[in-house]
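Colleague: Encoded as structure tokens, here's the structure I'll be asking about.
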């Protein structure tokens, strides 16, 4: 049976994670191809609704990357993101999708290796959790298709 | 403004259990300001309800609309084009007034998504406190602008009572004693003598006596 490949959305702050992703690329660091990076002007742009809609649109996991605490370009954006992520985690728990499928990490633009490490760490976490309950049907359809090919 | 708070998601989901398509209606008035039922909260609730139902294998279609106010018929009328035959229920993110106005206007199952709490104001971003008891006859001029009706746990008019300790209320040690606040304020204003006057019992007939209240302004009526 084909191994489950999670679909993960990484919302990245322009001032840290987005540059860290560039750096990880320049350093030729390997990280899972499961993550889809979305650039944000600041992690403070994080919106609970958008996080939920990512799951609705098929994500198995979502994470938000913001600057180190105290280093936000807009001073408090990353603290606001942290609280919104907490709120969205609570809603995901209530729905039964599970708050552990959503996380917030902090890093700086100089931390390319950390960017790759987070991608590996989070992908591993979601791989262990399995497909999102919303994608179960899709996942089994996928595995059936894989079975047919074999 | 009227302060409200979202009901738990499971409760709202339970209220629309049999519905396949719902209108999720926000309100641009008080509940937008107290971050309970504005456009943003409407979007979050609709997304959460859709996710919940998708997970249960019983997908829900939502249509989100945020009216300027749900407590004015002229705005409630604007919902008409969205209230189609296939809409099974309307979820209102307004205070209790808005929910009732929608229910009166449309022949649909209308459910509240919020619990309406009190008339209050913002003390800091994300914190709201009760300030007015809607008693129908304002006496704030007697008490230095601090309402003993709602801010005193006992609503007494000649306070403080014996339960006032170190400026706090015996009912909840985190609540300031309203009469201590009144005394301090009147002292600062040099009007302590006004507090010497004994207040007679309040005329509660202006409050909840005689059923629902009504205000009529003949000079502004159109008909």
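These residue numbers are counts, starting from 1, taken along the chain as shown.
Any Cβ shown, glycine's included, is placed from N, Cα and C.
Pasting the feature list from TrEMBL:
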type   : residues  : note
DOMAIN : A:8-130   : domain 'F420-non-reducing hydrogenase iron-sulfur subunit D'
REGION : A:131-150 : region 'Disordered'
Colleague: So what pLDDT does the domain 'F420-non-reducing hydrogenase iron-sulfur subunit D' (A:8-130) average out to?
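Modeller: A mean pLDDT of 96 is what the predicted model shows over the domain 'F420-non-reducing hydrogenase iron-sulfur subunit D' (A:8-130).
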Colleague: Please list, for the domain 'F420-non-reducing hydrogenase iron-sulfur subunit D' (A:8-130), how many residues fall into helix, strand and coil according to DSSP.
Modeller: 62 helix, 23 strand, 38 coil
